[in-house]
Amino acid sequence: MVKRHIGSWILVLFVVMWSDVGLCKKRPKPGGGWNTGGSRYPGQGSPGGNRYPSQGGGGWGQPHGGGWGQPHGGGWGQPHGGGWGQPHGGGWGQPHGGGGWGQGGTHSQWNKPSKPKTNMKHMAGAAAAGAVVGGLGGYMLGSAMSRPLIHFGNDYEDRYYRENMHRYPNQVYYRPVDQYSNQNNFVHDCVNITVKEHTVTTTTKGENFTETDIKMMERVVEQMCITQYQRESQAYYQRGASVILFSSPPVILLISLLIFLIVG
């Protein structure tokens, strides 16, 4: 009789446990995903232009209340009258007339960074995929990916991309997904840091990038950052589901009961 009651209680606990797990799986995921509302990325069809400005202020691509990519009356991607993707007259990615990436000086050239950095491939060899990269403020280096096949709308750019795609990154830098409110923010940050690091390390070796290279590199890195987000987000929710499963009261009670039966 006692064994029959124990078996009944175990059956009830299993039903409660799996009901709790089912409810956990049906809970909506937080944050806005890709094309699920909130801020969205701009269209892909515009030639040239830096689609990932690093300045704060207005909405996406609208710092200080300017039009799309036109803060303070600049041209397309030309805030304060700078050149292509040159806010405040600096080089590409040089806000306020800065020198190299992240440089505050006014005399350094974009293609002459003052502090050489380790090449991305060397970092990849030194650190396992997903490990924190030293000197990058908590960014991790993703695993290598195949560069996506992208069509740019004309034969010249399509051919140029096929011939030069080996010069563009095949890994991305990123922070953990739980540090971002949605996919757009993750991808924006991922693109900026990856293009920046790849550009600096490549120009240090004496190879420069044209405007066409930068445009294509952003498109390539964007697709890889989206893939990286999807991978990391899936892993994050799987870890969360495991924690919820093994920390739920029915599971704890069931484990305690099994231990009691085994020991007793």
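Quick reminder: no glycine exception, Cβ is built from N, Cα and C everywhere.
These features come from Swiss-Prot:
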type	residues	note
REGION	25-241	region 'Interaction with GRB2, ERI3 and SYN1'
REPEAT	54-62	repeat '1'
COMPBIAS	55-105	compositional bias 'Gly residues'
REPEAT	63-70	repeat '2'
REPEAT	71-78	repeat '3'
BINDING	H72, G73, G74	Cu(2+) 1 binding site
REPEAT	79-86	repeat '4'
BINDING	H80, G81, G82	Cu(2+) 2 binding site
REPEAT	87-94	repeat '5'
REPEAT	95-103	repeat '6'
DISULFID	C190-C225	disulfide bond
CARBOHYD	N192	N-linked glycosylation site
CARBOHYD	N208	N-linked glycosylation site
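Sequence features annotated in Swiss-Prot and their locations in the structure.
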residue: C190; record: disulfide bond; Cβ within 10 Å: 25
residue: N192; record: N-linked glycosylation site; Cβ within 10 Å: 20
residue: N208; record: N-linked glycosylation site; Cβ within 10 Å: 10
residue: C225; record: disulfide bond; Cβ within 10 Å: 24
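Here the CA atom of C225 (disulfide bond) lies 23 Å from the CA atom of N208 (N-linked glycosylation site). Separating the Cα atoms of N192 (N-linked glycosylation site) and C225 (disulfide bond) is a whole-number distance of 10 Å. Looking only at the repeat '4' (79-86), the predicted model's pLDDT averages out at 44.
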